[in-house]
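Taking it in order: structure first as structure tokens, then the write-up.
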Amino acid sequence: MTAVRQRRVGKGTEAAEEQPSEEKNVKPDGKILSDHTGGKLWNVLSITVGGIVAISLGLLTSVYVATLHENDLWFSNIKEVEREISFRTECGLYYSYYKQMIQAASIQQGLHDLVYDNKTESVRTINILERMNVYQEVFLSILYRILPIQQYLEPVYFYIYTLFGLQAVYVIALYVTSWLLSGTWLSGLLAACWYITNRIDTTRVEFTIPLRENWALPFFAVQIAAITYLLRTHLQPVQERLTLMAVFIATFLFSLTWQFNQFMMLIQALALFILDCFDILPTAKVTWLYVIQISGLLLVCVLQFFNSMILGSLLISFNVSVLIARTIQKNLKKGGLLNRLGKLILHVLLVLCLTLLINKFIKKVLNLESDEHIFKFLKAKFGFGSTRDFDANLYLCEEAFGLLPLNTFSRLSDTLLFYVYVFVLFLMTVAAVIVAFRNLRGSNQVQFMEKVEECTVTLKPDAAYNLIHTVLFGCLALSTMRMKYLWTSHMCVFASFGLCSTEVWKLILKGVRLYTSRRMHLIKYSLPVITFLYISYKFWPGIMDELSELREFYDPDTVELMNWIKSNTPNTAVFAGSMQLLAGVKLCTGRTLTNHPHYEDKDLRERTKQIYQIYAKRSPEDVYRILRSFGTDYVILEDSICYERRHSRGCRLRDLLDRANGHIMDGLGENEPDLKPSSYPRFCEEIKKNLPGYTARFTRVFQNKTFHVYRLAQHK
């Protein structure tokens, strides 16, 4: 059930093969029969069936991840406080604003409390809508309040079902992208199948529901599908305008829902830049995409009350630089090979210099330092000198920001995804190199066209974009494990497209001199079906076992802590502690925090480092003074941090603090030569001994196996 595109008539055998079909369309009386109606009906039937399959797979994926979430936590049966604790770390912080909007006296009051928030960071009033990407929580809370569903659906279920519903959008977008590239919905079916069977490496939505990427990636996938369609040739003006509108809306929603949008779109802009330099994409469409990225980001900037981090983004500087450089170098794509290479090198250097100058100027004018921790992290990660910077090391020591583990590839290989992906990637890369070389030569000689024509057909603009997209995001995933979800989902699309592509199999069969139209179509349709049957046979029993496995949420110590805080502390109390725990404190109790996990603010990063001195080797006087400077009433100490064993020596939180403070680290092992012993013992250990210097300032008011809560003396 697929639409087969009419092939161009070539020479010799191909022309002879086409001839009989023309004779069959002639009536005995000499009139020509038209198969236009039959072909149109077949196309409509194929699109209808493919669309139904896409929607069905999307809905099944939503039900699948929702069931896994329910089975893992027994979410429908646990208490409200346990449900909220299950939203770990920053997930809890984001969900707290949805809860806050739901519980507000009115929508206007809820918005006012977000714009003038004094509970997220003590002794400071911040604008949550400016600082964080929480418009999705605002929109959902308003929708929940105005829809007549309160009696039938709890707020938390409305929230999580929306996220699980977006997974349907995600899978449908991947399906459509693969379908557009290959011309058959079998490709989309295989892409969705691979996405589901490689769930561990393609999504983590079932256990990190409110995470920003779970909101953003479905819109990013829609944007990629729209760009893929936009880059098709021979689009009608109306189709092109509608597609540009779809790209803009998807880009805007993606940018609105994730604070790291600018870095992802910068990689996308680099892909467009590379392809435009080698004349593989239409320049006019590339220009439109640059403008859409800038305008979408600026619109988000306005909605986020002119967030300076957006204005100072490398993406805006890069896109503006490309447009300026293109205006300066008008004859970039004219001339011979050496001439064009020289112009291209000059163009790249010009864009790079302009980008750095514009970005430096904007940051200087705006006094912008919100994203400096990201560049410190990158500098340390890629070996440009060692660093003791606390923020950079905090990222470097987390597994999620390390290199992609090798066992990822073994899992992807079990479903055949990685093998197919590498095979398609190799073929497409070779084709891209040949096409780029031909374009730089500006050659139209007949003797060169016979080889290149195959590559030109294989490397259509939409396929070329997806090739560079997967290469660049693959590099990102290999360097930073957390970003693998941007790559692995697109890997499903790219591999399935190659397996079902007419151009790919035509190129291969002609290369080994075995090409016939019938043989090419047989391979094109049989291989995806065989692969799908293999995956279904091998993984269906495992999926059924996974769906039948029942667990239950269990964290009694944290539940006890949250219940104690709600019952025994005033509503205005200010709590200090780890970023991860305090996000849960805000969600479960509504108390004021000193710090939190949304790390994109310089003052907050410095504040967090100061608060974390509770785990460093500091005097009780110093710690008390620091905590009181942020208005702290209670401090929560965690044994899992104070006596941490999860990380190796040098990456434990206490080690990062010791190095940043110039102190020798605990335990056996080497220390940097200029580190010195501290004059004081570790605060989180010494406070438990109830020595006079500590009890005069800190009174223990709660304790269980995991947490110790101390109340600070109000006047000392």
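Yeah, the Cβs are placed from backbone N, Cα and C, and that goes for glycine too.
Record features (TrEMBL):
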type	residues	note
COMPBIAS	1-10	compositional bias 'Basic residues'
COMPBIAS	21-30	compositional bias 'Basic and acidic residues'
REGION	1-30	region 'Disordered'
TRANSMEM	41-66	transmembrane segment
TRANSMEM	179-197	transmembrane segment
TRANSMEM	217-235	transmembrane segment
TRANSMEM	242-258	transmembrane segment
TRANSMEM	264-281	transmembrane segment
TRANSMEM	312-329	transmembrane segment
TRANSMEM	341-362	transmembrane segment
TRANSMEM	416-437	transmembrane segment
TRANSMEM	463-481	transmembrane segment
TRANSMEM	487-509	transmembrane segment
TRANSMEM	521-540	transmembrane segment
- request: For the transmembrane segment (264-281), name the stretch out of 217-235, 242-258, 312-329, 341-362, 521-540 with the most CB-CB pairs under 8 Å.
  value: 312-329
Query: So what's near the transmembrane segment (416-437) in sequence-distant terms, Cβ-Cβ under 8 Å and 6+ beyond its ends?
result: 194, 198, 278, 280, 409, 451-452, 454-456, 458-459, 463-464, 467-468, 470-471, 491-492, 494-499, 504, 507-508, 531, 534-535
Paired segments the transmembrane segment (179-197) and the transmembrane segment (312-329) in contact, 3+ CB pairs under 8 A: no
